[in-house]
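Peer 1: As annotated by TrEMBL, region 'Disordered' applies to 130-165. Sequence annotations record features per position, and here TrEMBL assigns compositional bias 'Low complexity' to 145-157. Feature annotation from TrEMBL assigns domain 'SMP-30/Gluconolactonase/LRE-like region' to 405-653. Positions annotated as divalent metal cation binding site by TrEMBL: Glu407, Asn545, Asp595. The substrate binding site annotation in TrEMBL covers Arg491, Asn493, Asp511. What TrEMBL records for Asp595 is active site, proton donor/acceptor.
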Amino acid sequence: MTTTTTTSSVSVLSNNLLLARQQQQRRRNGVIITRRRKCNSGVRIQSALFSGGGQGLKKTPEQKNKLKRLEKLNPGNNEQEEEFWPEDLKQLRTPIMAGNWKCNPKTLEEARTLASLVAANTAEDRRDADFFNNNNERGGGGRSGFNLFNKRNSNNNRGGGRGDNKNVEVLICPPAAFLSEVSQLIEGSGVYLGAQNVTFENGGAFTGEMSCTMADSLGVTHVIIGHSERRSLYYETDEDINKKIKKVIENDMTPVFCVGETKEEYERGDVYDVLSWQLAGGLDGVSAKDVENMIIAYEPVWAIGTGLTATPAIAQSVHKLIRNWIAEKYSKSVADRVRIQYGGSVKPDSVDELMQCPDIDGCLVGGASLSSDDFARICSFHQGTKPGTPRVLYAEECLETQMELGESPVWSQKDQKLYWVDAPRGTLYSWDLLEEFPDMKESFGETLGCCALMSNGDLILGLASGLYQFDPRSKTVKTRLTDFEPGLNTRPNDGRVDRSGNFIIGSYNNDHRVDASAIGGLWRLDANNNRQLEEVLDYKHRCSNCICFSPDGRKMYFTDTPRREVFEFDYDPNRGPLNRRLFYSLPSDMAGGPDGAQVDAVGNLWIAISGAGKCIRVDKNTNMVDLEVRLPVSSPTSLTFCGNDCKTLVITTRKKENRKDAGSLFSVRIPDIGGLPEPEYGSSPIIDRLGFQRGGRNEYSNYSNNNNNNQDAFMSNVNGYAANGINNVGSKLNGVNVERRFNANNTANQHELHEPEFVPRINTATAARSSVGVAKFCERCGCQFSSAASNFCSQCGTPRAS
């Protein structure tokens with residue numbers, strides 16, 4: 001497919017990117033209704049059904065869905081695309097802070113006092129900002145991060161021009177009985193006046209109602225429409241709301257259109273469906289220009305007065321869904337400019353973090369707006385990233401898989417496929433980022449800790465019973481490579497191929513949360529595939545994670561997750577990790593622990609912090625976090641870079657909380673630094689030359705095994721399932737075929753699938769260390785070294801003194 005390059009085109013970042021070249025070229029003016037589709041496997045993905053009225057060449061829903069996914073996750077190789085940070089794109093919209101007083105205060109005198117204080121605070125802030133702005137224009141100093149008002153045009157100036165153009169608009173919505181008095185008190189202060197409700201009728205016998213013409217005559221510029229309390233207590237329908245929106249626009253006022261889901265709808269995972277229905281009903285027949293100039297307010301009804309919390313990441317994910325819906329229904333340009341407020345119990349101590357979200361353009365404040373001091377603090381929120389704090393991106397759900405514990409994502413640049421596992425369920429996935437569902441979902445019937453690429457296109461699978469070679473094309477297990485820590489209650493956990501083609505894998509103590517025992521090792525499967533694991537770390541651990549390597553392959557990163565510390569090693573592909581030092585320690589105020597990790601193209605370390613709802617990038621030079629990627633779910637588990645340019649970060653998660661997107665894949669485009677292609681195991685001549693022959697003898701056919709009886713039993717088990725037409729490998733490898741050849745007597749060729757003895761080899765450089773003349777106890781913490789061969793303290797990491 002060819003595309004025409006335009007100077008204004010930019011790529012789409014998965015969480016916030018605007019003005020996409022391909023999207024502008026391919027999307028037409030048709031009516032788009034976005035919904036969720038489900039397949040038999042239970043895997044769901046957002047998709048769009050296009051219909052009606054559009055001009056130009058029509059595409060099927062499947063074609064359009066593929067184009068959207070390609071544009072967001074895998075930009076073309078030949079396109080020179082400019083990436084933007086969220087705060088750069090957010091400048092298209094002027095923030096607005098609105099105070100909804102509801103049925104408060106109790107008396108007119110209290111309303112006068114509150115309105116006067118809000119007006120005074122706003123006017124003072126405007127004068128201060130004008131002073132500092134003028135000072136800056138003359139070359140003087142200013143206050144960093146403070147700019148409540150600014151001399152620039154506002155995008156949305158409906159309402160007769162009342163109030164000066166400013167960087168933050170302030171709106172208060174008192175009860176109807178106080179509108180006239182409040183209007184006089186705030187005149188000239190820059191504060192906008194809003195009504196909490198109007199009727200869609202022009203006038204007449206409608207007791208208790210206020211028409212739009214009445215509101216306009218009192219100085220009202222904005223009207224709240226469709227608030228959750230009006231929907232639930234007064235049974236306002238989407239049809240009623242739509243009529244009110246049109247009537248407000250007709251009278252040259254700005255609708256503040258409220259949408260949101262209830263607690264029951266949230267727990268069912270119906271957020272997107274509910275919001276799509278409310279948006280479609282409320283905006284039916286409303287023009288693109290009017291939508292661009294209105295305000296949409298998202299109210300998570302379940303988080304108001306219930307004790308539940310909508311985190312900024314959750315709020316951002318829903319705001320992004322709303323903006324995407326506007327883009328599909330109207331246009332990208334309209335979506336870029338419409339302002340979306342957040343209305344879920346906003347407080348002064350939460351507003352800064354909320355307003356950092358790229359798709360949150362203000363707040364609809366309830367109880368806090370009744371305190372002039374609190375409301376002033378909310379209106380004076382800190383804009384942009386605070387000095388000394390990391391920048392923030394927000395990941396979006398890109399594929400709903402409902403995994404119990406996603407792990408080990410690896411991107412094959414050669415095959416343009418992403419592989420990952422659901423560890424407890426023993427399931428392997430693959431996905432090309434284009435199809436609506438994963439193109440492979442194979443279950444093995446036992447815990448699958450990790451997967452890794454092989455140079456011949458196969459995969460290494462770290463199953464509980466050992467390491468296996470698996471062909472994803474034919475979906476067959478070719479051979480068993482080796483056992484894994486027999487006799488221990490452990491399993492393979494984190495694993496990755498180093499830059500020299502060796503496979504490094506660590507173990508997981510299945511009872512580490514009970515006995516806290518460090519019994520697992522870190523092992524290397526040599527690139528020459530000698531079917532022997534060599535132990536490369538001289539101390540044991542409980543839960544291995546963060547295994548990854550610097551771009552030049554000279555450094556390795558590793559953690560024992562319960563310790564919440566990530567260590568950096570010098571790395572020799574022939575000897576393993578050496579010279580351990582602390583690289584990053586989780587601060588005490590950060591929940592969770594370090595899980596999977598990856599290194600980017602310049603050597604920064606990316607870590608998934610399971611339990612904290614975010615991934616972090618640690619600068620390789622300063623060892624400080626300079627970027628956070630936040631998720632609406634609490635437990636990201638691992639991550640990697642994918643796409644043609646390796647600038648899309650894909651994150652696996654676990655299903656830990658009662659959210660339907662927990663356990664899904666998430667993604668975000670990284671504006672500055674991408675990753676590197678994933679190394680492949682077995683780039684040595686042995687595997688490239690001979691491979692593992694299908695249905696016949698391979699280079700290990702003469703391997704001597706003293707456990708032939710066990711081998712026969714294993715193969716008989718396989719044969720029993722195959723004879724019954726079940727697609728699995730024994731009771732532990734459900735879901736895949738085993739390639740076998742039968743002779744005339746229908747007996748299995750014993751050379752087809754081996755279970756070699758586990759022959760661990762200890763690093764000779766470590767083992768050669770003499771026990772004479774070395775310290776028995778750590779100089780720093782006093783802990784006794786586990787053995788004479790230990791180079792570092794297993795508790796604090798201090799090098800052992802000679």
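Backbone N, Cα and C define each Cβ position, glycine as well.
Unlike curated records, TrEMBL annotations are generated automatically.
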Peer 1: What Cα-Cα separation, expressed in whole Å, is found between Asp511 (substrate binding site) and Asp595 (divalent metal cation binding site)?
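Peer 2: Between the Cα atoms of Asp511 (substrate binding site) and Asp595 (divalent metal cation binding site), the distance comes to 17 Å.
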Peer 1: Apart from Glu407, Asn545, Asp595, which residues in this chain have a Cβ no more than 8 Å from the mean position of the Cβ atoms of those residues at the divalent metal cation site?
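Peer 2: So the extra residues in range turn out to be Ser408, Asn493, Asp494, Cys546, Thr561, Gly596, Ala597, Ala608, Ser610, Thr637, Ser638.
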Peer 1: For Asn545 (divalent metal cation binding site) and Arg491 (substrate binding site), what Cα-Cα distance in Å is obtained after rounding to a whole number?
Peer 2: 13
Peer 1: List, in sequence order, the residues of the same chain other than Arg491, Asn493, Asp511 whose Cβ lies within 8 Å of the centroid of the Cβ atoms of the recorded substrate site.
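Peer 2: Same chain, not in Arg491, Asn493, Asp511, Cβ within 8 Å: Thr447, Gly449, Asn489, Thr490, Ser507, Tyr508, Asn509, Asn510, His512, Gly520, Cys543.
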Peer 1: Counting other Cβ atoms within 10 Å of each residue's Cβ, which of the binding-site residues Glu407, Asp511 comes out lowest?
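Peer 2: Each of the binding-site residues Glu407, Asp511 was scored by Cβ atoms within 10 Å; lowest is Asp511.
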Peer 1: Can you tell me the CA-to-CA distance separating Glu407 (divalent metal cation binding site) and Asn493 (substrate binding site), as a whole number of Å?
Peer 2: 9
Peer 1: Give me the CA-CA distance between Arg491 (substrate binding site) and Asp595 (divalent metal cation binding site), in Å, as a whole number.
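Peer 2: Checking the Cα atoms of Arg491 (substrate binding site) and Asp595 (divalent metal cation binding site) gives a distance of 16 Å.
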Peer 1: Return only the integer: C-alpha distance in Å from Asn493 (substrate binding site) to Asp595 (divalent metal cation binding site).
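Peer 2: For Asn493 (substrate binding site) versus Asp595 (divalent metal cation binding site), the Cα atoms are 11 Å apart.
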Peer 1: Over all shown protein chains, what is the count of other CB atoms within 10 A of the CB belonging to Asp595 (divalent metal cation binding site)?
Peer 2: 25
Peer 1: Restricting attention to the domain 'SMP-30/Gluconolactonase/LRE-like region' (405-653), give the mean pLDDT.
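Peer 2: Averaging the confidence scores along the domain 'SMP-30/Gluconolactonase/LRE-like region' (405-653) gives 94.
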Peer 1: Tally every other Cβ atom lying within 10 Å of the Cβ atom of Asn545 (divalent metal cation binding site).
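Peer 2: Excluding its own Cβ, Asn545 (divalent metal cation binding site) sees 27 Cβ atoms within 10 Å.
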